[in-house]
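This report refers to the structure that appears directly beneath it.
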Amino acid sequence: MTSSLILIFGILILIGTFASKIGNRFGVPVLLVFLGIGMVAGSDILGFVSLDNYVFTRDLANLALIFILFDSGFSTKRENLKKYAGAALSLATLGVILTAISIGILIYFLLDIPWVNAFLIGSIISSTDAAAVMTIMRERPVKNHVSATLEIESAANDPMAILLTTFMINILLLKGMPSSSEYVLFVVQLVWQFAGGILIARIGSWVGIKLFNKFKSANQSMYYVLYIGVVLTIFGVADLVKANGTIAVFFTGYTMGNSKFVFKRGLSHFISGISTFANMIVFLLLGLLVFPKSMVKVWSSGLILSAVLMFAARPLAVFLCTLPFKFSIKDKLFISWGGLKGAVPIILATYPVAVGLDKDGLIFNIVFFVVSLSCLLQGTTLSALAKLLKLSVPPQVHSPYSIELFALDKTEIEIIDTQIHEGSPFVGKKLMDLFLPEDMVISSIMREGKIISPRGNTVIHNNDIVFFMGHRDEIEQVIAHGGGEIPVVKNDIEGADKESIEKIV
């Protein structure tokens, strides 16, 4: 790689980073910003970089996908998964299949595409994008049951889309309908890919946590290297035994993200940073891979496919998959519109090209068009739809300062911040008057953008962000009781009435 090419990529990344910050204000996903920059910098317009190697792009994107999916699992909270797992996982599995089938059927008739190709396109664009969905949900929050369902679905549905896509590619490579034995073999492989991926995730996460707890180093950067080694090894082992590496990586991330281990807090920033960088690089490369002039040839097909996806296939899958669950019509409409497309469909669109099934790049260009339109249309209107359906909630004020505890050994102590709202029992209280456990302290207070060093006579004000240091469960109790005295629950029978005592005896 020449120095001029390195310089160009560096400048493009800088431009994209600042442009995405502006785009966030209007609900434009980062994906669209970097895709656009890649297209403009490519050979069709400015001609800074010429890229037409689909195999290289696919392989690099697959490597990036490992870290993106681990981060998706790592950021999925167990409490949310327990509450909304039914609907979210139904959408992530059955919903993906229904979306792929309905798209395949509709475009088979509307676009006169061979049925195998139609179902291949349906499989490719059946998943939603975790990065795009989570970014919008954090910038413009909605009610938790809706946002959690969307986030878990988008984080977990990529493996099913990948399996469907590879299956359809195998059918096309066979140049004929699979025999009954080949269908049976596919089902067996599908079951093993899921089961094997989860099994390897269980073992891999256990080993990973053990390694982090046993690995004692004063050099924090070595924990980042250890993380990369763990993730790549888990994916490699899964791939070696023909299990699904993406499932293994996602559930390893989920298990580790909901477990305690040494340097977890410090590692979480690195995981998020690697994932963000991987997303940006993939989007930039995919943008460079597209020739804007070729979009002219597919715009009509792209519009039809987009309409089928947004107004038929996705809503149908959502309404059917959420039937057993308590979602209102408004919830279902929002979830339907919140199925933004992103990196994975475009990455999957490189697969047919790489194996010679899409030599003219028609499928790739159509998918690229659909994903771009999805980001532009759905991404920019999702917030307005939330307000219209009365699902939006006020955004939480975040401190511009981050006070964290980076522990290089086992500890139960954490730093947790909470915003004090108007009417809170904390307002007007001096710190010395709060009922805090002996091993808990208020480490600092953020007020009007400034850090205050707390003293005993410091008074808590409305909109303060208070940083507690202590055990998580105790901090949560103090916050729940507004700093007041926490009732003691007696576990013995002292004080029980005579009838209760007789029942116990």
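Every residue, even glycine, has its Cβ placed from backbone N, Cα and C.
Here is what TrEMBL records for this protein:
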TRANSMEM  29-51  transmembrane segment
TRANSMEM  84-109  transmembrane segment
TRANSMEM  115-137  transmembrane segment
TRANSMEM  158-177  transmembrane segment
TRANSMEM  183-201  transmembrane segment
TRANSMEM  222-241  transmembrane segment
TRANSMEM  270-291  transmembrane segment
TRANSMEM  303-325  transmembrane segment
TRANSMEM  337-357  transmembrane segment
TRANSMEM  363-386  transmembrane segment
DOMAIN    403-484  domain 'RCK C-terminal'
Tertiary contacts of the transmembrane segment (222-241) (same chain, 6+ residues out, Cβ under 8 Å): 66-67, 70, 196-197, 200-201, 204, 207-208, 211-212, 215, 247-249, 252, 262-263, 266-267, 270-271, 274
Interface present between the transmembrane segment (183-201) and the transmembrane segment (303-325) (three or more C-beta pairs under 8 A): no
Segment proximity, the transmembrane segment (158-177) to the transmembrane segment (363-386), 3 or more C-beta pairs under 8 Å: no
Criterion met for the transmembrane segment (84-109) and the transmembrane segment (158-177) (at least three Cβ pairs under 8 Å): yes
For the domain 'RCK C-terminal' (403-484), the number of residues DSSP places in helix, strand and coil: 12 helix, 26 strand, 44 coil
Averaged pLDDT, computed only over the residues in the domain 'RCK C-terminal' (403-484): 82
Spatial neighbours of the transmembrane segment (115-137) far in sequence, C-beta under 8 Å, 6+ residues away: 24, 27, 29-31, 68, 72, 75, 96-97, 99-105, 107-108, 147, 150-151, 153-155, 157-158, 160-161, 164-165, 167-169, 171-172, 275-276, 279, 305, 309, 313, 338-345, 348-349, 351-352, 363, 366-367, 370-371, 375, 379, 382-383
Candidates 29-51, 158-177, 183-201, 337-357; stretch with most C-beta pairs under 8 Å toward the transmembrane segment (270-291): 29-51
Leading stretch by Cβ pairs under 8 Å, where the reference is the transmembrane segment (29-51) and the options are 158-177, 183-201, 337-357: 337-357
Beyond the flanks of the transmembrane segment (337-357) by at least 6 residues, Cβ under 8 Å: 29, 31, 54-55, 57-58, 61-62, 65, 68, 120, 123-133, 136, 146, 150, 154, 158, 161-162, 165-166, 169, 172-173, 279, 282-283, 286, 289, 309-310, 314, 318, 363-364, 367-368, 370-371, 374-375, 378-379, 381-382, 385
